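Beneath this line is the structure, given in structure tokens, with notes to follow.
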Amino acid sequence: MTMKIIYLRLSHSTLTTFTLRCRSKPDIKMEPSSGRPVDYQARESLIEARQLVGLNMDPMVCVEIGEDKKYTSMKESTNCPYYNEYFVFDFHVPPDVMFDKILKVSVMHSKNLLRSGTLVGSFKMDVGTIYSHFTTNGLSCLTLMTSQLAVRATLNVILQFEENILTLYFRNLLLPEGVPAERQWARYYLKIYRAEGLPRMNTSIMANVKKAFIGENKDLVDPYVQVQFAGQKGKTSVQKSCYEPIWNEQIVFTEMFPPLCKRIKIQLRDSDKVNDVAIGTHFLDLRKISNDGDKGFLPTLGPAWVNMYGSTRTYTLMDEYQELNDGLGEGVSFRARLLISLGMELLDTSSPEITSSTDVQMEGIPNISEVNMIILVHFLISQTATGKVEEFFLFSSFLEATMVDRKIGDKPIHFEVTIGTFHHLGDGDEEETELINNSSEEEMDDDGDLQYFKKQHVRYALILIHRNYFHLPYFERKPCIYIKSWWQDQRRRLYNANIIDNIADKLEDGLNDVQEIIKTEKAYPERRLRGVLEELSQGCRSFLSLANKDQSQSGRTKLDKERLKLCLSEVEAIGQQAKTMRSQVKKSTVRDKLKLAQNFLSKLRFLAEEPQHSVPDVFIWMISNGKRIAYARVPSKDILYSSIYEEKGKDCGKVKTIFLRIPGKKGFGPAGWTVQSKIEIYLWLGLSRQRKDYLSGLPNGFEENKLSRGPGLPASPPISLTYMMKQIFQLRVHMYQARSLFAADSTGLSDPFARVFFSSQSQVTETLCPTWDQLLVFENVELFGEASELRDDPPIIVIELYDQDTVGKADFMGRTFAKPVVKMADEHYGPPRFPPQLEYYQIYRGNCTAGEMLAAFELLQIGPNGKADLPPIDGPTDIDRGPILPVPLGIRPVLSKYRIEVLFWGLRDLKRVNLAQVDRPRVDIECAGKGVQSALISNYRKNPNFSTLVKWFEVDLPENELLHPPLNIRVVDCRAFGRYTLVGSHAVTTLRKFIYRGADKQANNWSTTVVTATYRHGLRKQVIPNLIYVFIYTLICVQVYPKELESDFGNFEDWLHSFNLYRGKAGDDDDQNVTDEDRIVGKFKVRNCLFFFIDDENMNFDSNMGMFNNIPSNDPINVLVRIYVIRATDLHPADINGKADPYIAIKLGKTEIKDKENYISKQLNPLFGKSFDVEATFPMDSTLTVSIYDWDLVGTDDLIGETKIDLENRFYSKHRATCGITRAYAIHGYNVWRDPMKPTHILAKLCKDGKLDGPHYGPAGRVKVENRGKLNFIYEHLALTVLNHWEEIPRAGCKLVPEHVETRPLLHPDKPGIEQGRIEMWVDMFPKDMTAPGPALDISPRKPKKFELRVIIWNTDEVVLEDDDIFTGEKSSDIFVRGWLKGQQEDKQDTDVHYHSITGEGNFNWRFIYPFDYLMAEEKIVISKKESMFAWDETEYKIPARLNLQVWDADHFSADDFLGAIELDLNRFPRGAKTPKQCTIEMVTNEGEMPMVSIFKQKRIKGWWPFVGKVEAELHLLTGEEAEKSPVGEGRNEPEPLEKPNRPDVALLWFLIPLKAVKRLVCDQYRWLTIKIVTVLLLLAIMALFLYNMPGYMVKKMLGV
């Protein structure tokens, strides 16, 4: 029987304000989290392959990601090819699409233009697995192929999500952590039984047309199921014209286990002759249906129903939400549900099934014991294989509908609530109309309810809240909707998920509290963390006691049982760890323990996700004039009822604030951020027999309005609620200021104002920038319910920020929520609750943060005496502001007078404004309404520094540093006729780091610090007051920074702060081409100082310079800049061949150097080794740009990437970044001292600048910062030792930049945020007014050294005998040996042939000679050659030094047979055995236990090595000069010829072979055949003689002769 569920829809349009006992926490993020395309870049470096299965292969590797393929070059005659090639893939797709793409690495043999090649092996992994394992555990690198193939690769995947970049690095084994290197074959059986609830796939017109032609009205849908897994695809049969198809089929996938593709995509599709259309999509995550732990279980699922969601159920020819049916984005409606199960079977490695085809198979299966029937209200519910079918009751009451978008406010509006299959009444759905009309009496009454509300929405008109929003006037009458539906009772799954979710929610809130305490520097964060961990431990204990209930419930699957075990063990472990960690929390360990607690939260969130669905989600739609406008999706588990509080859904029986949003792609960007409607809705879902509790969570004080029923019939649920209790309040909104707001204007600024919505009222602040200091008063706010409920849990306040524009409508900037502090009429207005304190509220724009708002909210009840009982509004009067009320004194922050000093240094890199250059700029600085202007720069191009450095102004700021307003910086260009043009602006959001703290007493005691150093070898001694012992390191080293030097030295902003100046509107999320980098128009260099202003005569500051001391001159200074560029790595390919021809370009000021002549051909990891000297003048030439270009023969060169360095900040920094401090002082050699100032001079200057006495050099090499003594060479070492430990000097000390190499990312302006490679370099700067520095260091790349390897093949033994003698049958081989160095296959050399070896022994005495170029430091052979005959120049390759030796069997009339090979790494290979008996295969397989040698150290070695047999060889390595002095000939040629081998004499073989052949044929191979033939011949001879003699004998007998 077919089960159909009857749904009722109630349409309405009335609405009111409400109150409640407990409210759900609203979701402030409006934008859908999935479906938006994102930029991805995948990089793969494929280095080499090893142990390829096959003989004498020509392998090529193909790398695929999705549909994109890239190939390596083909390597000839090797099973261990070396590639070292680099590939880059670019994508712009949604995350779900990207993570489902398959990364496939395949090795093919002999692929060329005419043949596709033979597949040797492949390896597959989906990108989602890579991403998920990196974010949790990281991954490691040697890729194991499925055909016993190994490829070592390094895979880098860089993901860009707006400003976040993620890089994945693989090392050693390309397998996730916990996955074994050798995996087992397995079969995955996905059984598909049936589907229900499919939407109509045709319109009523198409149905009538079909009925007219065919004569019957069949369902116009031909469903089938398509499954994709690990790059394979399978599908079921097509069920023709069926809305409830039954397949009973299984799809079988054969794949390795554990699989490296973690998701199975199940898609229900409609077959069509033109184009198949997806009906719905579901993803099975194997991580959620399996467990890889010690007590884990294999993937298993069901049989269970899975719900599919997608576009709306109304069919249209052009479905604008079709991408939702493909699984891209959040579904907006229920589409269907599918009954499936999944099982897995491991295959025996010895089974012949493994060698069979791994193609996807489709098989039939028996029908599941599922009882299908039409469910009516009073029928008994049957037992099914997936659980007992129960009647569920969904109740909803709309308490408020406000903030209805003005665009739709003038049309009829009603709301629709659906769960599962719900069809409209009056939308052309004749079958559903008939079904409802023929339902039971209760349902007929419900239909009456529907008609009642459908009429009622016409009676009420929308009321305008604000010019942008309407609200529905429900007032005290709240409409209700209820739906009865029938589903399998699998509440236990949802109960357990709710318990874990409840634990996770409390943990998340607690961790957020701890982070806020740390952020605001409040006291005792460790106490709050201990409380959070204690609460977590208690929650875990409650789960252990509740989760085991209802274990006898029908329909429990194997996955239910296994997941229960998993959850119990994991939650118990989390509880124990939290209990243990609670006792370990200390003030010093809070941050570390907080990270561990975050891991607990992620584990709980993972466990709470239930893979087996039961009740579908609830959808709420707002429909205007018959068109679906906006929706909200509520998970059914969140509103599921249970009598146990922990099991109840977090929103069940609570009033939930829901913001309806636009479905599909329209919900992205600014269009989706606008609220279509805000509804306050009460939801309750449970079994019908639990209905007695469905109204218990509503606010008290209401009466139920029910339809009259016939006598004896049970009462129906209410059609509406009428509230009799009403409370009157006054809401006071104290809006103080905002900061870090979104730049909404083209100028880069904004004119923000706030709209505050509460209930059905709204008010707006004035537009200031953006310190409002305004009190908004909402009078006579009506809230329904009991006063005590409202006090504990008031409704939320919605605050939206907009940018005021002179022309056009205001632009949305962000939104936030707040809850007011409630004061009842009988409460005293006083501490600790009143007056409320100002707090910062995070503002969101879509899913992204868009600033913070400082405000306070209080809700005051108006008692019987009216407003006279309300606390008065006290505050300063401001006549200029007119009727606008400021924030009262008790709430507004306590202000103190501050003095803000600004050191104006200069402006840099200003771009044009309106096509005109900036010539006379000025800087305006404002804070809290006060400000100061800089001096005017008369000619920006000649000198961009300010003539007057220090200016100051006084301002009243809050004493609480967290409440300080932002500091706004504006740069204007003063032009002719008194015009001022805005150049750019910047807002400093926090002033805390600029506050002058003053020197403490302890630091002042060090004003006469004594520093002592000893020049000797020994251990570093303990630092004691006034005395520091250090020593000089004898090891000379250079520190290599893996990132920019600025990251370790605070961007060198210890002296000057660089603020980027912005102009233009900030880019929205949907416009990813607009980034902050594109909006930068220059830099402002400044130093701020903020401190309390105290009128004290003892204040120690200069009247002109203020608190700034030792200010250097900002006059132009000439500097010699020396740039050292070592190399670039992982460059983005720029040519069509996947390579690049990079060269260096330097730009500093007007000086531009392009080293185009020295480009490096076809390299993505070029080694430059170049230095460039550039003369610059600060401040005009302060930004150094180092670029890497791709050289092109035709056309302009392409920019690969560039990096920019602010040299001026480095030059003036106290970290002394002009020239790195070495570890040791040397006046000769490669580590010669480069700085023009000696260490003693540098130390003396630092002591002077830091106001320290000294230094003084005493006897025995002691250095004291007192009375300078006589200097000698030893003093330079002592001074350098002090400089290397300068950060240990109190007050004046800081870390000095050591001798270093920094690694900087290369970026491209068209691809912001994605690295295009990295460059290793460093920069030295030398003032021209000092002693000229010495010559630049020679960092040119090492030149390879010429070597010659001489290999003598003496003998072979036990070589496989390949041939069978056709005459003698003896096993033999015609042996010869072939050898070459890896990468030099064209220089193969062969010995002569040892013919007819019948023992595997071969004698050669043959010499191979291999000249090569070798880099000792990198242990690589350097080869320079053209890639093809069309190549313009040679390409340099660096290949490991490896010798390949192969043994072959020579054939005259066919191809030679390959017998075996060995590859020897010349830097590390096993020592050869002295005799053949001692030579075993373990010499190669157990390299770790064998003595290893290097030919570059031992020079000459002789011995036996194993391959398929054994070879005796002698290796002799000579340098190029030695080889020229003692030349030798190849083979056995002159000079120094080798003796001919002593081979067996084969001169008489021609005579002996025929005799041996006859003997073998007669006696051995054909013995029995010969006997049979001889016997037959004898019998035939006898028969012939008999026949020949018989006539004569008979005649004689007859004649009697």
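All positions are counted from 1 along the displayed chain.
Keep in mind that glycine also has a Cβ here, set from the backbone N, Cα and C atoms.
Since the structure is predicted, the reported quantities are computational estimates derived from the model, not experimental observations.
According to TrEMBL, the protein carries these features:
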type     : residues  : note
DOMAIN   : 22-140    : domain 'C2'
DOMAIN   : 169-300   : domain 'C2'
DOMAIN   : 713-834   : domain 'C2'
DOMAIN   : 881-1007  : domain 'C2'
DOMAIN   : 1102-1220 : domain 'C2'
DOMAIN   : 1329-1480 : domain 'C2'
TRANSMEM : 1566-1588 : transmembrane segment
Remote residues contacting the transmembrane segment (1566-1588) - C-beta distance under 8 A, at least 6 residues beyond either end: none
Average model confidence [pLDDT] within the domain 'C2' (22-140): 78
Helix, strand and coil totals (DSSP H, G, I; E, B; other) for the domain 'C2' (1102-1220): 9 helix, 55 strand, 55 coil
For the domain 'C2' (881-1007), residues assigned helix / strand / coil by DSSP: 17 helix, 58 strand, 52 coil
Per-state residue totals over the domain 'C2' (713-834) - DSSP helix, strand, coil: 6 helix, 61 strand, 55 coil
DSSP-derived helix, strand and coil totals, residue by residue, for the domain 'C2' (22-140): 16 helix, 55 strand, 48 coil
